Amino acid sequence: MPDWLATLLISLLKAVLVVLGLLTTFAYMTLIERRLLGRMQLRPGPNRVGPMGLLQPAADAIKSIFKEDLTVTLADKLVYTLAPIIAIGMALTAFGGIPAGPARSLFGENPWVYNLDAGILALLALTSMGVYGIFLGGWASGSKYPMLGALRSSAQMISYELGMGLSILGLLMLVGTTSFQGIVGWQAQNGVLILFQALGFALFLISSFAETNRTPFDLPEAEQEIVAGYLTEYSAIKWALFQMAEYVNMITASAIMATLFFGGWKGPQFLNAVIPGMSDWPIVWLVAKIAFFLFLFIWVRGTLPRLRYDQLMRFGWKLLLPLALANTVVTAAFLAFRGSGGLWFLGVLSFAGLLALLIMSDRVRVLWNQPTVRRPESEAVRAGGD
Amino acid sequence: MLLVALGIGIVAVIASALLGPKKGSRAKLMAYESGNDPEHGGVGTGQRFPVHFYLVAMLFIIFDIETAFFYPLAVAYQKLIPFAFFEAITFVVLLLVGYVYVLKKKVLEWA
């Protein structure tokens, strides 16, 4: 067997494994989310199908496969079918670039599917391709409500994508590379980046909640508001594919946050004193960190109310964007004029910024709660109200 | 990876199309509109929507290009300081002028 064929086969195998792993995680994520939300609301959650409800995802999957696959008469047939495939394809592909351990640590192979020098850029590009899936899905349904849902959704996602892209600029300045291996290596040497980019992390976290359409930013599919958003006309497996894409995006976002800000696959160093080499175990640490962030996603969903659409857009444009720029400029100024001082000062600065934001939150909230444009009273009355 | 991922989607859609029942009726295949006959529905019938969405999309294009300019600068930053700092500040200030203009024009309001 020639060399290139072996490499191809191995990466194909890894791709299949990652995809199957992600799909299983997605299935159990839905179960865990329902169970956890149940816990938070003092009720048991699904516990009938199988022990502790463990067969519930399988039951759901079988049901959605055997459901009737409707295509509405007004729909654009090709795009209508293509949209969920795009959504799930991009969501799954994005995950492959994230390293889960040091090179050659997975039975002699690399614990990632593909490795690019511009890792973060590729990943951001792929996640933003997901917008196409959602928008085309809503547009191709040929009905008004999905169209509106899709418009809202894509406007939201592109707005918060800006915040996301800008919030990691400070980090990139510190690290000086866009490859995941480089970033993880830098953190192993200098300490995890959350210490130096606390504000950047907070912005990134908020943007990724909005990017994945999770509460408190889940307006695109706000079921009490505009029917079901872009999903209104979908049934059976196509609907399930959109849901899958959302959850896979959540997993990917968690993995990015773990890799960029929390040291990626590297475990805490002090544990090496207990069991030598413990901080280098492949996969274990990454999975632990991803699980933590997924729990955070669910926790927030169980806690916070939803924003209104105008508040959401104002929040993204008036708060996230300037703050991300400010974070970038402060980091840049620090790096340019730090002299010989250590990085700790930047960390203090970043945490101070975050703290100031939290303390000022009542003042800042005016930014997105109160519109500066008000319709004149008389005009509203003449038009018969809203 | 891309092939495998897209493949999963295609397989799932085909499987569902083969396995599911097919008993479409006119009422079942109608677009959702609370039981009424759909009005002005359908792809390409020129549905109208607020101009805000265009504005947000345009702003996104502008600011995303800005982000694209920032990435190479960020990666090479430590080799270019302190010169790069002033360059970056100039660029950011120019952008902020545009941003403030957009704010003053109340483009980002959805009242």
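Each residue, glycine too, has its Cβ placed from N, Cα and C.
What TrEMBL says about this one:
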- A:6-31: transmembrane segment (TRANSMEM)
- A:78-98: transmembrane segment (TRANSMEM)
- A:118-141: transmembrane segment (TRANSMEM)
- A:162-186: transmembrane segment (TRANSMEM)
- A:192-210: transmembrane segment (TRANSMEM)
- A:247-263: transmembrane segment (TRANSMEM)
- A:283-304: transmembrane segment (TRANSMEM)
- A:316-337: transmembrane segment (TRANSMEM)
- A:343-360: transmembrane segment (TRANSMEM)
- Message: Could you check whether the transmembrane segment (A:78-98) and the transmembrane segment (A:247-263) come into contact, where contact means at least 3 Cβ pairs under 8 Å with the two residues of each pair 6 or more apart in sequence?
- Response: yes
- Task: Compare A:192-210, A:316-337, A:343-360 by their Cβ pairs under 8 Å to the transmembrane segment (A:162-186) and return the stretch that comes out on top.
- Result: A:316-337
- Lying 6 or more residues past either end of the transmembrane segment (A:6-31) yet within Cβ distance under 8 Å of it, the residues of that chain are 46, 53-54, 56-58, 60-61, 92, 95-96, 109, 112-114, 243-244, 247-248, 250-251, 294
- Message: Between the transmembrane segment (A:118-141) and the transmembrane segment (A:192-210), are there three or more CB pairs that fall under 8 A, provided the residues in each pair are separated by 6 or more in sequence?
- Response: no
- Where else in the chain does the transmembrane segment (A:118-141) make close Cβ contacts, counting only residues six or more beyond its ends and a cut-off under 8 Å? 72, 74-76, 79-80, 82-88, 90-91, 93-94, 97-98, 147-151, 153-154, 157-158, 161, 164-165, 168, 172, 178-181, 183, 211, 220, 229-234, 242, 245, 249, 252-253, 256, 260
- Query: Which residues of the same chain, at least 6 past either end of the transmembrane segment (A:247-263), have a Cβ under 8 Å from a Cβ in it?
  - Reply: 22, 25-26, 29-30, 88, 91-92, 94-95, 98-99, 120, 123, 127, 130, 168, 171, 180, 183-184, 187-188, 192-194, 197, 200-201, 204-205, 208, 211-212, 214, 285-286, 289-290, 292-294, 297
